[in-house]
Amino acid sequence: MFLNKNDWKNWKTYYKLIGSVTIFAILIGVFCYYLIPGMGETGKWGMWTNKNEEGKVGDVFTYAGNDVVWVLTLFFGYFAVQTACLSAVWLFKNFLKGNEEGKNSWFTGNKFSLALVSWSSINILLFLIVFIPNAIINKVAFDNMEISTLWWIVNSFLYLVIPTIMIAYFIFGYNVKITDDLRKIYTVKNLLLWAIYPLIYFVIIIFRAQIYNSTWTVDAEYSNQMNVWVYSFLNFNGENKEIWSQTLMIIAISSGILALMPSLIWLSTKGFETIKFRTNSPSQDTEFVILKEFNFMSLADWKTAKHYFKMAIALMTVILMMYTISTVYKSGSSETARYVRYINKNGEITAVGGDLTTALGFMFGMFTFQSNLLVMIWFVLVFIKGGNEDKGSFTTYYWSMAVSVYITVTFIIFNFLMLPTVHKNGAVDGGEMNAAWWAMNMMLHTVAPLCMIFYFVFWYKKSNYGTTKELFTSKKILWILSYPVVYALVIVVRGEILYLAWNNNYGFAKAAWIWPYPFLNIRNTGWITDNMPGYVSLIVAVFIIAGIIFGFSSAYNASIVSLENKINNKDKKKVKNSKKSTKTVKTK
């Protein structure tokens, strides 16, 4: 359902388009407002490094540009920014739907839309009741920025203008009729929907802040400078004794808004419904479904060997992922760790602790980690589902094949392309090749992939599979191929952006492993041959990986079709023989 020519005759179409574009433009301006003042060698986003051109530790410190990754993390950590992004997407999605807005989508349905309006209202009232008085009376900005005319303009747009755009359209233009019974709004499900997002937000921000603060223990002032707690009332490590009362006040205000705002919106929309729906019929509301019907295991599943195999591999991959994350955390947790953050403090280069942002960026950028994470999620789900493992979206036949192919890429690239070159180029991840390194990498690159491939080919419950010809003609193979292609593009683009943001400091970029694999580093030469340019290595790697995906998708599918045909033929013979024996008994 997309907008048509008639929709352009309605003012709401223009409002939704202009509103969404305006919100995105404001968000870009807000991001620049936070980024630009802290840039430079002595700016709070500035970084320094003692890595040389080879990415090794040297004696000379050089300027490594600005930490744009942290600025992005901080920017999207603001509750107002998150709700603004949701509002922009909400308006644009309704713009695309035209007069059919709110239909067949929980995101634009009445219940979630009312929740989004309530969350937007929190921003307005907190800004008016808490942030403005604090800025005027105490001369303190909630975001640790300098209170100036620009500060007032930026935050007025973020906390007043954007929520007003959203609320105004919901009241005057939204084409879904509000229920006539106010009691239907205050159901347990709706109350949970309104409260769950703010609660999750506060928990994540506090947890993230504590993690980062623990890595910057050398200089506690640095955590405040980087605004790691986002909002001052979430800083439970501060010396401010009123922090608990501030937090309780914020919780009380937010709870009051979430409780009262739906009623106020309901009253407002009821008053304008006769005007809104005078010329057209309203859309029907779409139920917000938190959890779809799920298929769980049964007692009979525990009688099969493959169920215990699934449980064992699920536990193994969960432990493996937890160990990997803990290892990466340790690598950026202190000034003696692998990743160290240096800043220019009063003209002196000072270590302020670990560089956890870089460490996490390396981990999440590894295709190995991503593919093993998919394997972990897949095994956990198929274990929970038991005999219904082929039911659901992520564990269907073609999704399962995709996960198997991705982990096969991990297996082949490491064991046949990367492993033979470790003696020349060092460890793939830049770590020390000790016993722990070998154990973890063999588990990630060999054991987990082989377990996934074995289970998918021989034990997975197959349904809705087709021939190899159908695999290619139905374009399913293109969907399987899309993820590695998108991954490669994102890594290459991310590498170039961070390289430029980091003052073209190649040593720092290489040490940070923003290019997780040498064939994704277009600035690298000599991976395959001594003089081969980086972009040629990338092209060669793309063709190799595409060949692996096409080849193994075909091989897995052909093997499964062959095995299933043999099983079906055996079953048919058994049925045929049983019929013959029954017929013989009757004749006697």
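The count begins at 1 with the first shown residue.
Positions of Cβ are set from backbone N, Cα and C atoms, glycine also.
Predicted automatically and left uncurated, TrEMBL annotations should be read as such.
Away from its own ends, the transmembrane segment (14-36) comes close to residues 45, 66, 68, 71-72, 74-75, 81, 84-85, 87-89, 91-92, 94-95, 143, 145, 150, 154, 157-158, 161-162, 165-166, 169, 173 of its chain (Cβ-Cβ under 8 Å, at least six residues beyond either end). Annotation comment: TrEMBL describes 14-36 (among others) as transmembrane segment.
Beyond the ends of the transmembrane segment (68-92), by six or more residues, the same chain brings 16-17, 19-20, 23-24, 26-27, 30-31, 34-35, 38, 45, 107-108, 113, 116, 119-120, 122-123, 143, 158-159, 162-163, 165-166, 169, 198, 201, 205, 208, 226-227, 230, 357-358, 361, 497-498, 501 to within a C-beta distance below 8 angstroms of the stretch. Under the heading transmembrane segment, TrEMBL lists 68-92 (among others).
The transmembrane segment annotation in TrEMBL covers 112-137 (among others).
Here TrEMBL flags 149-171 (among others) as transmembrane segment. Remote same-chain residues near the transmembrane segment (149-171) are listed as 12, 15-16, 19, 22-23, 26, 29-30, 33, 78, 80-81, 83-84, 87, 90-91, 113-114, 116-117, 120-121, 123-124, 126-127, 131, 141, 143, 265, 268-269, 272 (criterion: CB distance under 8 Å, separation of at least six residues from the stretch ends).
The transmembrane segment annotation in TrEMBL covers 191-211 (among others).
Per TrEMBL, the feature transmembrane segment maps to 243-267 (among others).
What TrEMBL lists as transmembrane segment is 308-329 (among others). Remote same-chain residues near the transmembrane segment (308-329) are listed as 211, 302, 356, 359-360, 362-363, 369, 372-373, 375-376, 379-380, 382-383, 389, 440, 443-444, 447-448, 451-452, 455, 459 (criterion: CB distance under 8 Å, separation of at least six residues from the stretch ends).
Long-range contacts of the transmembrane segment (362-384) within its own chain (CB-CB distance under 8 A, at least 6 residues past either end) are made by residues 296-297, 307, 310-311, 313-314, 317-318, 320-321, 324-325, 328, 392, 394-395, 400, 403, 406-407, 409-410, 413-414, 429, 444-445, 448-449, 452, 455, 460, 484, 487, 491, 494, 512-514, 516-517. Per TrEMBL, the feature transmembrane segment maps to 362-384 (among others).
The transmembrane segment annotation in TrEMBL covers 396-417 (among others).
Under the heading transmembrane segment, TrEMBL lists 437-458 (among others).
Annotated transmembrane segment per TrEMBL: 478-502 (among others), in sequence order.
Look at TrEMBL and you will find 535-556 (among others) tagged as transmembrane segment.
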Remote residues contacting the transmembrane segment (396-417) - C-beta distance under 8 A, at least 6 residues beyond either end: 367-368, 370-372, 374-375, 378, 390, 428, 441, 444-446, 448-450, 452-453, 456-457, 460, 462-465, 476, 479-480, 483-484, 517, 544-545, 548-549, 552-553, 556-557
Long-range Cβ neighbours of the transmembrane segment (437-458) (under 8 Å; 6 or more residues past either end): 306, 309-310, 313, 316-317, 320, 323-324, 327, 368-369, 372, 375, 378-379, 400-401, 403-404, 407-408, 410-411, 414-415, 427-428, 431, 556, 559-560, 563
